[in-house]
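Each remark here refers to the structure printed beneath this line.
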């Protein structure tokens, strides 16, 4: 019994026709190849990776060799995984596996035989589409940076740092000169203040010494006057206190 090559309006019609052919041959094909992606993620609890390739092998083993056709395949899951970067997160790998499986099922049930060159072209296009999807997913969350722009920014930043360092080195002597002039002015002011305070203290000391000398001189004059007065008084008292012999002598000789 030959397989019909009539075109199908949908995948469901093609699948029903395939089931009828297999039942006519006495085989019981599996109709549930894969659940929907959302149901799979919900049931499996967001598993990181899964391997659906044994199902493909079981399905290929159930089909007789007479009905096998050279169907175009975009790329296998192992090839797609080899082309995927290792730094992709787990959910991106799951997404790529699901895209690969859908592409495989569509190509597997198409009834049109394709030449080798066309299958190779579709393989290249499929791999390019997968890579473009990965690139879009990555670019949606991360902004791409042009390496030339980054090198230019680094060069400008380094140049700016060098210019700032030169400006600091040029400004340092200015600050040092300004600081030295300020220190000189401060030292000069301090020396003037010291001289002024020294002169004031000297004048105060001179004044106190003069006052002290004047006071001492005055005290000496007063004491000398007192001593002279005391001597005069003593002489006078001595003159008044004559003895009887002196008085008789005076009377006899002088006639007093």
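Please read every residue number as a count from 1 along the shown chain.
From the backbone N, Cα and C atoms, a Cβ is placed for every residue, glycine too.
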Stretch carrying region 'Disordered' according to Swiss-Prot (options 61-83, 84-106, 107-129): 61-83
Of 8-47, 208-247, the range Swiss-Prot labels coiled coil: 208-247
